[in-house]
Ligand code: SF4
């Protein structure tokens, strides 16, 4: 058997791993043992699995592997924020950002290298689509992040307590792999993260929101960015296919399935003189009138040739106040981590051409709720 035919166990869910062990003539319970070694202890060498006999270890070495994406670089900010550039099998690079805050650590995970959706304010979108990440490459980002803090037994002071699928790419367009990775995140044999603390962010792929609701109950965030179809058609082109009414209906269906007073997170990047005016706030209030939600405002983080500007602090405050006055729970994302580069909306450009970097900010929203709002930097939401 050659290297290329080995099964990468890193990206297998528990049922898939049980199926794998059955397929090689072994007991299904081996799956639990191996998952713990992989995800609880960060092991990638079968030889280290001391509760597995030598014969099985040899068998596994012959037909399987545990392989995360290749780490190209790791930066640690003076404020504790960490950023990894990792190379995936397609040869593309993606980035992962870890944001530590009091009592929690949130990891922003990428699901695709590049993105096909071309949101007009997003640098990742401007790079175009390169490849889907495999489930192993998605969960591998969590694996790498936790490993960077050393070996930690299950559920004891894990570094990553929250995950937001808000890095590069549209996770609902890489559905199966994103779902598998999130299942491993939530599995006690994986990372044991609460369903409330795993958040998938979508630009509004309405049919897949319904599909998501059939298979998983993670928290949901919608990248709204415009309060009417005319403007959203321009800023978030997928809106031409799935307009606001269709997307919000799908979000409401998803949220209502979750029950337990869970709400939609609405992401809204504020662009100076484009979507930051009082009439936009008024339209947003009307649009979200019957949507259980909280709103995260994201002041635009400029990048070269974007054509957009960040609104003034006064304009940001005015917009927030108007939403507050209408009874919405609104947070404004803050920036931090000036000593490393981690702007997700600008990630591909930075990886491809570091000389073009003009911004050195990690932007994180204020994390004041339990649904793990995005730390994803800049303008990728
Ligand atoms: S904002 Fe998200 S969906 Fe839009 S282009 Fe960027 S990565 Fe893709």
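Note: Cβ is positioned from N, Cα and C throughout, glycine not excepted.
Here TrEMBL has 169, 170, 223, 224, 225, 301 binding S-adenosyl-L-methionine, and the candidate from 148, 194, 201 in that same listed site is 201.
The binding-site residues near ligand 1, defined by a Cβ under 6 Å from one of its atoms, are 119, 122, 170, chosen from 119, 122, 170, 201. When the CA atoms are compared, the recorded positions lying within 10 A of residue 170 (S-adenosyl-L-methionine binding site) are 115, out of the candidates 95, 115, 119, 122. A simple Cβ count within 10 Å picks out one of the binding-site residues 115, 119, 224 as the most packed, and that one is 224. A simple way to gauge crowding: the CB of residue 169 (S-adenosyl-L-methionine binding site) has 29 other CB atoms within 10 angstroms, across all the protein chains here. Rounded to the nearest whole angstrom, the C-alpha distance between residue 224 (S-adenosyl-L-methionine binding site) and residue 95 (active site, proton acceptor) is 23. In this record, S-adenosyl-L-methionine is bound by 169, 170, 201, 223, 224, 225, 301; the longest C-alpha to C-alpha distance in that set is 20 Å. Here the C-alpha separation of residue 225 (S-adenosyl-L-methionine binding site) and residue 119 ([4Fe-4S] cluster binding site) works out to 10 Å.
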